[in-house]
């Protein structure tokens, strides 16, 4: 309501009539106005009328009822009170306000900016009407009921309350809201954006219009039934000048989602790249002094004003102290006042002790909060700090039958209905069948009888799942018995939500600047780098040898000057064997299936020639094409590998016109889509997200020239992504294999995968093998610890230098300075080991499929920068990751096949740097014979116990010489 209500007592300047100009029966009339004011009082009543700036104010009263009328800026205010009732009318800026109160009721009417507000109260009821910006608000209260009506921006709001009921109506932006409450019930109606919201109930009703921007608690943050952002509605406003104002209805404005540390958008404070700012010390809420919380405050407890958003204010409806029906009084009889709360809207807070809107349980006036000690009832400390002897507490009883000795879920008695649960009893949310959402009968948040508890396993009654006679339910993920879903060895299935989709991804990554990107993955060549050049190279086409002119240096490759500078800046000095052959072969247009050891530079082997050709031919995706038409699609098996290849591509494309974009699950879909819609010449991503964007038309494959599968054996394997790969290559818009160049790279290529891969390659493709296919990196020293499951934990602690008895570590232990990756098979084990290591003061972190993408990215970041030197990982980290300075890989659990073993140990020993791999293994491991072959291929020592367990004559079985390197020979290799 307008502050102009205070003008009722203004002195007359032009025309004034006083001393009962038209008074009857000993009444008095007052009138004031800049242009004209009228007031009349009859039968001992009092009438007030006020008008300013050409407005008209009319006040009249009969039978001892007060009436107030106020008009400002061309508005008209009418107020009428009869039979002890009170009427308030206010009109501002050409609006019209009508207020009428009869038979002890109260009526409020307010009109602003050309709107019309009607308020009527009869027989002790209260009616509120508010109209703003051409809207119409009608409020009517009869027989002790309360009606609220609000209309804004051309909308219409109707509120009606009868027989002790409450009705709320709100209409915004041309919409209409209706609310009615009868027989002690409550009706809420809200509407926004031209929709219609209807709420009515004999017991309870709740209605909301479009977008849920109005109605109960309407708007973005607004008050009870308020408008957008808390404005212009019942309950809107702040601590003053608000209709029903108070904390909860306060307009908080648009929510700020910026970083708390640097105030920039796009990330949270724990991801902020800026230095952490010191926060101001927190102070006591009661005395505003630092050093303690309000519950421990030695000062006298101060009353909290406007708590829960539904108490006083200082002016406007809802102001004052005391109870009753006075307007804005501040002394006693304040309408909707804070204290006592009798007969006022929101009295005693929102919902007073009696006769107030929402009175009773849910909105009950709790009075001053008791912060005394629970044990001795004295202030100044909590019960756990109490110096008095602990008092015995009464035994807990069953919630259902009130008898001790058992919980309600085990109660043998018939289940009783729980009345008024969730804090809404009697009044606002009240009782069994009255109030907002109360009890058993209809309403918002109603509590229907729950019925008997059912077994979680079989859904039967009479027992709990722990006592169920039926077989236990299988794994939630795969349906098999014997394990839970968090320990499931099978690939995780997406969990569908209400719309048939998984949970929405919200992660938006913060990209590193280019200098950080260049330094992040810069791994210097190690002392064993030349071992790569000792490997035998086989290059064939249709099983026939092929001659190739190799590129011994990057300067010999067909790279532009800008890319050559970027390659040098990235720390590349000499081409590896895989790069020497693929750089010219890809430039010549061949399809390739390439196999080389881990850590030998395969990513650069396909990225450099593809990017150089596209830049040289100026074949780039530009904004003029009207969408994302990538020239190259790179598919990877994991999000982490996608991100790594993306950053590698950023280095090579630096200061060129080429754009490379990552696409993978876990990123916010809207953000990811917005990035690629800007255009991307190269898309690198995981299969699922790329398939999704292709199907919806965001990624258009018509101009795709290069199709790359990294870790191709995993991508094509029948247990991997083979079906989805087939779907992508068979899209109608995807060029046929004869019209595109297909490239496949991996460190392992089983025969079965090679056969399946041929379906995607042109006739005459090149098969390139550096060393033996499936050979381990010779720069990695492979060690084995024979132990059973119960010995693994202690063995791990011993290797990491942790005292098994005291769980302590020497400060100068290598575990703090060297990076270690521990591979496990189950997510639960990863979390368990991380907890154990952390308790021993060893900084450890986990990465597995159950972690959110934000957590996975943060884990890799902390491992890369050394703040967490131990990474415990599942299979998501076993392929492709190129992390600088990994000294040791530990296979806590052995993988299922030899190829995964080779990939795991390949996380160390990169680019000729010496690495170490330790595997915990038992004598019945099914990989023993293959491990013997891998060790022999790498010229490493085979433990005697492994020779015997694998059958002894391993050399003849795999075509190797029967002699095994001696310990001395092995030392010479290192």
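The backbone N, Cα and C atoms fix where each Cβ goes, and this holds for glycine too.
Here Swiss-Prot flags 596, 597, 598, 599, 600, 601, 602, 603 as ATP binding site. Long-range neighbours of residue 597 (ATP binding site) (same chain, six or more residues apart, CB within less than 8 Å of its CB): 532, 535, 747, 770, 771, 775, 776, 777, 778, 906.
Residues or ranges marked as compositional bias 'Gly residues' in Swiss-Prot: 215-250 (among others).
Feature annotation from Swiss-Prot assigns compositional bias 'Basic and acidic residues' to 268-282 (among others).
As annotated by Swiss-Prot, compositional bias 'Basic and acidic residues' applies to 293-307 (among others).
Marked as compositional bias 'Gly residues' by Swiss-Prot: 309-364 (among others).
Secondary structure of the compositional bias 'Basic and acidic residues' (382-396) per DSSP, as helix, strand and coil residue counts: 3 helix, 0 strand, 12 coil. Sequence annotations record features per position, and here Swiss-Prot assigns compositional bias 'Basic and acidic residues' to 382-396 (among others).
Among the features that Swiss-Prot reports, compositional bias 'Basic and acidic residues' is placed at 407-421 (among others).
What Swiss-Prot lists as compositional bias 'Gly residues' is 426-435 (among others).
Mean model confidence of the domain 'Helicase ATP-binding' (583-767) amounts to 93 (pLDDT, 0 to 100 scale). What Swiss-Prot records for 583-767 is domain 'Helicase ATP-binding'.
The feature domain 'Helicase C-terminal' is assigned by Swiss-Prot to 803-950.
DSSP labels the residues of the motif 'Q motif' (552-580) in these numbers: 16 helix, 0 strand, 13 coil. Swiss-Prot lists 552-580 with the feature motif 'Q motif'.
The annotation motif 'DEAD box' is assigned in Swiss-Prot to 710-713. Same-chain residues lying 6+ beyond the ends of the motif 'DEAD box' (710-713) with a Cβ under 8 Å from its Cβ atoms: 593, 602-603, 606, 634-637, 641, 645, 744-746, 748-750, 753, 757, 879-880, 899.
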- Message: Are there residues at least six beyond either end of the motif 'Q motif' (552-580) with Cβ under 8 Å to its Cβ atoms? List them, or say none.
- Response: 518, 521-525, 529, 532-533, 535, 537, 587, 594, 596, 600-602, 604-605, 608-609, 611-613, 615-616, 651-656, 768, 770
- Query: Who are the long-range neighbours of the compositional bias 'Basic and acidic residues' (382-396) in its own chain, taking Cβ under 8 Å and residues 6 or more past its ends?
  - Reply: 295-296, 373-376, 404
- Query: Setting 596, 597, 598, 599, 600, 601, 602, 603 aside, what same-chain residues sit with their Cβ within 8 Å of the center of the Cβ atoms that define the ATP site, listed in sequence order?
  - Reply: 576, 578, 605, 747
- Since the record lists 599, 601 as binding-site residues, which of them has the fewest other Cβ atoms within 10 Å of its Cβ? 601
- Ten-angstrom check, please: count other Cβ atoms within 10 Å of the Cβ of residue 598 (ATP binding site), all chains counted. 26
